């Protein structure tokens, strides 16, 4: 039996053998014809305690041997032989204890030790053997239960690790996605406007530093996500120049956790399918609000809308990855909708369960959905 078993459980099982001692004492009082009428109750209980209390010692011995020679593949025959020999020895010694105690306390009709020993073998040999077998079976059942529990914990841990690996893989796909777009913009500007290209490189470096600060946390503070999105838009503002205006949330920002890099694909979708497809200047507005137990992020653009661009239905790499990450983090408790806005353009709305940002800084672990995930603030 492995060492993880609580000593409290061991003590409870060993103390179980006090119960037959009490029952035996009461039983002898109910059958006084076989009992020495002058035997005090205390002496009677002591005799029962000796006979049944020794089973506590045998239980400990059987467990000790079972821990070191368990019934496992490769040593089942050896374990069987050892337990049979140990069981036979325990039965013989226990019969000896019964006979010696019965004679010493006068529990039965007056007779010699040898006669009592023979009666013990005939009357209790099979009973004691059944008790030994029950102790062995109980130990095996407890060990199997512990191994089953350990297997469940291990399976849950492996499932969590797998989910984290899948989330990190999706995030790793997202990071190069916007990086390649930024580098492509820089390449375009190098020949036309080297100074602007240099400015774009500096802003890209700031963006990458913000990405590194986010670490591998799957959920981060909303303030950190907004900072990252600002730096991303700093690059896009250089590229779009006076064709793009950004409106940021007004008022205090909810102190909440969001999936890392959740806003960037929404903003990128608005720029690619909205602002870039209209001839004049456009506006991208970003909002973050708490609605009951949900955090709601919205990104609106003043582009031509979905009806004018059938490719902007949210099937891009960034949004596909984001939807997959949301499903793994929150199950069906998160939604992402991309639809025509009532005032024109397109609105992307992301709803996730509201989780307050933890105090302090650094990476912690918190529960999101059904698993614990690392968070960064």
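We number each residue from 1, going along the chain as drawn.
Quick reminder: no glycine exception, Cβ is built from N, Cα and C everywhere.
Here is what TrEMBL records for this protein:
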DOMAIN    262-356  domain 'Histidine kinase'
TRANSMEM  12-31  transmembrane segment
TRANSMEM  43-65  transmembrane segment
TRANSMEM  77-99  transmembrane segment
TRANSMEM  119-142  transmembrane segment
Intrachain residues whose Cβ lies under 8 Å of the transmembrane segment (77-99), provided they are six or more past its termini: 50-51, 54-55, 58, 61-62, 65-66, 69-71, 113, 116-117, 119-121, 124-125, 128-129, 132-133, 136
Residue distribution over DSSP helix, strand and coil in the domain 'Histidine kinase' (262-356): 34 helix, 33 strand, 28 coil
